[in-house]
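In what follows, a single structure is set out as structure tokens and then discussed.
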Amino acid sequence: MKQQIELLMGNEAIGRGLIEAGCQIAAAYPGTPSTEILQAVIDHREQAEEPLHIEWSVNEKIAFEVALAASYTGKRSVAVMKQVGLNVAADPFMRTAYLGVKGGMLTIVADDPGPHSSQNEQDTRLFCLQARVPVLDPASPAEAKELVPLAFELSEKYEMNLVLRPTTRICHSRQNVERQKPLKLERGANFEKDPTRWAATPAFLPPLHRRLNAGLEEIAREPGLQPRLTKGDGSRPRVALVASGIACAHLVDLLDELGLSGRVDLFQVLMPYPLNPEFSARLRQDYSRVLVLEETYPVIELQLAHPGTVGKQDGAVPREGELAPDIIHRVLAAFLDLPAPPELPVQKRGQRPSLCPGCPHRAAFYSIRQCFPKGIFPSDIGCYTLGLNLGAVDTVHCMGACISQGVGFYQAYAQDGEFPTIVVTIGDSTFFHAGIPALINAVIQQARIIVVILDNATTAMTGGQPVPHLGLAADGRKTRAVAIEPLVRASGVDFLEICDPYDKPRFEKLLRQADNYIRGEQGGVAVLISRHGCIMDPAVRKAQPSWQVSVIESCVGCRRCVDAFECPALSMDSEQNIARINPDRCIGCGTCIPVCPVDAIVREETS
Amino acid sequence: MKQQIIVSGIGGQGVLFLTRVIAQAAVNRGLPVLTSETHGMAQRGGTVLSTIKVDNFASPLIRAGQADLGLLLWEENLSVHQTLIRPEGGLYLNAATAGPGERIDASAIARGLGNAVLANLVLLGLAVRKQALFCCVDECETAIRQLAPQKFARQNLEAFHQGLNHN
Ligand code: SF4
Ligand code: SF4
């Protein structure tokens, strides 16, 4: 039979690889660049040979713990997240290194060098070094897929959780990839009780730690995971290139373009931690100068401890940002004494991202800003971070931090007497992820803040994964919906209102009421749920009226609709000094109409 | 034939779909192919860039001045992405005004078909007519049929043909 070749995104290739490897429990929290991995598992679930549980967990820690317990029963499982998600899962992740697993368990953590859509560039490989967890660093979508079954086998052989760490350029690349037949493992769940291990108290931990260390020494020598050498022709003796991940792929193409393929010894490191000590020894013996190319931190470099290393530590390789091909070109030219490439022209920024035309968040942010021009606005991670453009987002830290930061701002001001109005904005998915404990804390600490839950009934930023109040599981099955309102009430909030932000007068009236409430005698946390479905959902678009909206001649060119409201469908015609609406982008929501001070934005009804 | 292509636009313009159509044409011909895409925050109306590398490559990214061909759906991106294209490389733009490169008001044509997003396939049609791509008309049609949701397939092919036949 002819092998089936498919064009797959790296994340799809990994998702497909999980099914082919007989993974039966897959749990994730969405986050760019990791999101499509679980989506691919969902899309390919019909091809699985065994029962398959898939879930969008409420956060990464929970995803990890679900997968972990499934592994205790002997089944293969996976937890999927992005690099900063591993911080959330850090607690169980660290302990699992000691206790180990039973059925193969992988943690797939997608890193984001650059960073393209993250609050930092942290390197999961370094996290693994600290946690003592083996980590694999694929160089292409096809290789990422190939490593999945191997990683499951080794996870079972050493009873270790293994990490697969693709980076953005692997996750979001597409490549022709071969399809394999999914494995049929025929495993029934069988949890063997062993409290000395699965409930290990401190007394049992030293032997488990010894066992971990012994396992790491062995796995470092696994033949399938050793650095792969492409030998040079000896024209450049005692010089080696060491690269891992996508940096290795960039290097391969670059050497080809420069006519240097097969001229210098090149090692691709598949498993950056634990690095085989014999490999390090061999490098020290056979080479005087070694260039190490890896994203993001010097993980291989630190373990190599080669005196002739050129890399991040001596500053020859940039210590931050993506190792894009142009950067590698520069580094390689310096290392091999090649002519330096020409300076790159300064990269222009291009169009900045903004909330979609008609986005309900824009209407909510605009009202918040209007009502409280002197307010402080802590916000969070999601589409609504783009409230930055509207001046309605002052802080963005990490998932769920906004409510606690709101409390911190309040306490700092209140102890001096007067306090400004603090309006926290948090999305619905983020609220479930880490907002609830923070809300409870805000209530018991008697913070006087307004929390606006921007509820668009989806995880919009990552492409619309279901949220708990939707009543839908990852694979589309109906499930119990968990509403936001009773959770807010049970957290001890007395002021709770719900409003569609498209209804500007009512929304602003409620914001003012909330402000009165927090400043009243019995004041505390006020919660306003801003509820309107995400405009990316075609059903939402269909259900709401749409008008032909245009700007008439009375426009005085004040720019308020363009600057302060910044709907991407609106722009200034600088010659005529009049605002214009781009018909390709306008969805006719009409939320810009009340923004114009001279009523120059008008609508006509259409079907 | 080794070919390095960039597709540039803003989020929501169908850059990704156009990228996939071209890459699928390569797969159908049995050529190795690698693409890279922009996801996440930048997709929200911001500048996005895809790269496509056909034949034997290891990395999906394109170095400055190495792209053989640029397909631009958003004219303002010219200043951002032109440096990726070889000086003698091909340049095709969706633009209503005159300027460098081969231009077509793909948005206007797409609007005429009832959906501005179809500008991506109109532009593809133009590039194929000029024989700028490694693949031919039939191969693009096949790829579009494979990738478009069934109920939009005819409309998508129509957009491609409008670009193909435009003078
Ligand atoms: S009606 Fe106004 S706010 Fe709504 S999409 Fe059109 S221009 Fe933007
Ligand atoms: S349409 Fe109204 S808000 Fe916009 S620039 Fe003109 S006068 Fe100002």
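Placement of Cβ uses the backbone N, Cα and C atoms for every residue, glycine included.
Residues annotated as domain '4Fe-4S ferredoxin-type' in TrEMBL: A:545-575 (among others). For the domain '4Fe-4S ferredoxin-type' (A:545-575), the list of distant contacts is 354-358, 362, 366, 369, 389-391, 581-582, 585-593, 595-606: same-chain residues at least six beyond its ends, Cβ to Cβ under 8 Å.
Residues annotated as [4Fe-4S] cluster 1 binding site in TrEMBL: A:Cys555, A:Cys558, A:Cys561, A:Cys596. According to DSSP, A:Cys561 ([4Fe-4S] cluster 1 binding site) sits within a helical segment. In sequence order, A:Cys567, A:Leu570, A:Ala579, A:Cys592, A:Val595, A:Cys596, A:Ile601 constitute the residues six or more apart from A:Cys561 ([4Fe-4S] cluster 1 binding site) in its chain with CB-CB distances below 8 Å.
In the three-state DSSP reading, A:Cys589 ([4Fe-4S] cluster 2 binding site) counts as coil. Summarising the annotation, TrEMBL assigns [4Fe-4S] cluster 2 binding site to A:Cys567, A:Cys586, A:Cys589, A:Cys592.
As annotated by TrEMBL, domain '4Fe-4S ferredoxin-type' applies to A:577-606 (among others).
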Can you work out which residues elsewhere in the same chain, 6+ from the ends of the domain '4Fe-4S ferredoxin-type' (A:577-606), have a Cβ less than 8 Å from its Cβ atoms?
357-358, 362-363, 366, 502, 504, 535, 541, 544-562, 564-565, 567-571
Write out, in the order they occur in the sequence, the residues of the chain not among A:Cys555, A:Cys558, A:Cys561, A:Cys596 that have a C-beta within 8 Å of the mean position of the C-beta atoms of the recorded [4Fe-4S] cluster 1 site.
A:Val551, A:Val556, A:Gly557, A:Arg559, A:Arg560, A:Val562, A:Ala579, A:Val595, A:Pro597, A:Val598, A:Ala600, A:Ile601
Using CB atoms and a 10 A radius, I'd like the single residue among the binding-site residues A:Cys567, A:Cys596 with the highest neighbour count.
A:Cys567
Under a threshold of 6 Å between Cβ and any atom of ligand 2, which of the binding-site residues A:Cys555, A:Cys558, A:Cys561, A:Cys567, A:Cys586, A:Cys596 are retained?
A:Cys555, A:Cys558, A:Cys561, A:Cys596
Can you give me the same-chain residues 6 or more apart in sequence from A:Cys558 ([4Fe-4S] cluster 1 binding site) with a CB-CB distance under 8 Å?
A:Pro597, A:Val598
Using a Cβ-Cβ cut-off under 8 angstroms and a sequence gap of six or more, which residues of the chain neighbour A:Cys555 ([4Fe-4S] cluster 1 binding site)?
A:Ile578, A:Ala579, A:Cys596, A:Val598, A:Ala600
For each of A:Cys586, A:Cys592, count the other CB atoms within 10 A of its CB; which of these binding-site residues has the top count?
A:Cys592
For the binding-site residues A:Cys555, A:Cys558, A:Cys561, A:Cys596, which sit with their CB under 6 angstroms from an atom of ligand 1?
none
Suppose the [4Fe-4S] cluster 2 site is A:Cys567, A:Cys586, A:Cys589, A:Cys592. Which further residues of the same chain have a Cβ inside 8 angstroms of that site's Cβ centroid?
A:Pro357, A:Gly358, A:Val549, A:Ala569, A:Leu570, A:Ile581, A:Ile587, A:Gly588, A:Gly590, A:Thr591
